[in-house]
Amino acid sequence: MLKEEDKIFTNLHGQQSHDLKSSKKRGDWENTKALLDKGRDFIVEEVKKSGLRGRGGAGFSTGMKWSFMPKNSEKPCYLVVNADESEPGTCKDRDILRFEPHKLIEGCLLASFAIGANNCYIYIRGEFYNEASNIQRALDEAYKEGLIGKNACDSGFDCNIYLHRGAGAYICGEETALLESLEGKKGMPRLKPPFPAGFGLYGCPTTINNVESIAVVPTILRRGASWFAGIGKPNNTGTKIFCISGHVNKPCNVEEAMGISLKELIEKYAGGVRGGWDNLKAIIPGGSSVPLLPKLLCEVEMDFDSLRTAGSGLGTGGIIVMDKSTDIIYAIARLSKFYMHESCGQCTPCREGTGWMWRVMMRLVKGNAKKSEIDELLNVTKEIEGHTICALGDAAAWPIQGLIRHFRSEIEARIKSYSVV
């Protein structure tokens, strides 16, 4: 369990103002110049030592990603913050943008300095109008105080931060599709290699990080890498914001230590499952893209490695709780429709496969199918998985795989009852 003094996001629920004056009282922008004076290498190494892994879903080492940037590039370098949070069940970045904007902006300055980028872009989801307004106000305050811009914090380093609003496409949450959109093109993922660190925004070296990944950096540098590494578990260090929704008594966002049990999270912070733990049917533990877990596995620890071992993933930390009243087949079919709608259409397996999977899923919802089609559907998900430019194909396949793995008997019973009728 996370101690109160170890929390990074002390205004996560917006009890206090998010303006500069209030943010400074909570510790933001405290002697930022001293952190910059320690140099680029110090910041990168400290973030590496902390064990911080990307909070957007992939879980790649943040410090390692920064170290891929060229030291003396002839081209300008860029930092891009992915605030295009569109994953169903996920709203952690939204609350950072709403209530902790200065944590993000200070993190942008420190990360930009670490990778040698004089320009940073915050790409925010188009629907986040109020959040974009909050960020812009915070940017205006920071510019006015000399915290960013020319000679940021009197450090001799110039850092301009720009806010760019997207247009509501889920695919633009994929880092290279985001870059395409930022350049004014259609948001479609790029083939990799080349990777963004070598050929990113406008063909220049670029690092793309999630909002939460950047927002925790100032606190890590102030308190030290060993402090952050001491929270959680080895290889799964630090704190994480979890979004708990669905059939719970008190849906909420909460910051907790990595490795906390899923059951403890739900019972301590969300008031427990509606109707009690025995009424639980399944949980999606990391946003809609990861396979669900049946009740039997729902006491798993919430970290990258434990959830992978359990056959799912931490993803974004978006916990969707489903009680026994849930039509589990229809719930996953609804996710299939989402991925069909959000596919950019660039890759044939995803373009054709997502629609095909949704149509089969809707027949399974009614029971109007043959039992052999369950295995046929499973085989198609495996043909899509790993055969697309980006991970949207995987994201569409995994929920169905989880459903068939854990609830095949329920699908078969639905088919049997339909044939009897």
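Placed from the backbone N, Cα and C atoms, the Cβ positions cover glycine too.
These come from Swiss-Prot:
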- Gly54, Arg55, Gly56, Gly57, Ala58, Gly59, Phe60, Ser61, Thr62, Gly63: NAD(+) binding site (BINDING)
- 166-213: FMN binding site (BINDING)
- Cys344, Cys347, Cys350, Cys390: [4Fe-4S] cluster binding site (BINDING)
- 16-25: compositional bias 'Basic and acidic residues' (COMPBIAS)
- 1-25: region 'Disordered' (REGION)
If you count CB neighbours within 10 Å, which one among the binding-site residues Gly166, Gly184 has the smallest count?
Gly184
What is the number of residues in the region 'Disordered' (1-25) that are helix, strand and coil, as DSSP sees it?
9 helix, 0 strand, 16 coil
Spatial neighbour of Ile208 (FMN binding site) that is closest, considering only the binding-site residues Gly54, Ala58, Cys344, Cys347 and their CA atoms:
Gly54
Where the distance is taken from Cα to Cα, which of the binding-site residues Gly54, Gly56, Ala58, Phe60, Thr62 turns out closest to Cys172 (FMN binding site)?
Gly56
Taking all protein chains shown into account, the Cβ-based neighbour count within 10 Å for Cys350 ([4Fe-4S] cluster binding site) is 28
Once the chains shown are all counted, how many other Cβ atoms turn up within 10 Å of the Cβ of Cys344 ([4Fe-4S] cluster binding site)?
22
Should one count Cβ atoms within 10 Å of each candidate's Cβ, the binding-site residues Gly54, Gly56 would be headed by Gly56
Cβ packing number for Ala58 (NAD(+) binding site), 10 Å threshold:
14
Candidates Gly166, Leu178, Cys347, Cys350 (binding-site residues) - the one closest to Phe60 (NAD(+) binding site) by CA
Leu178
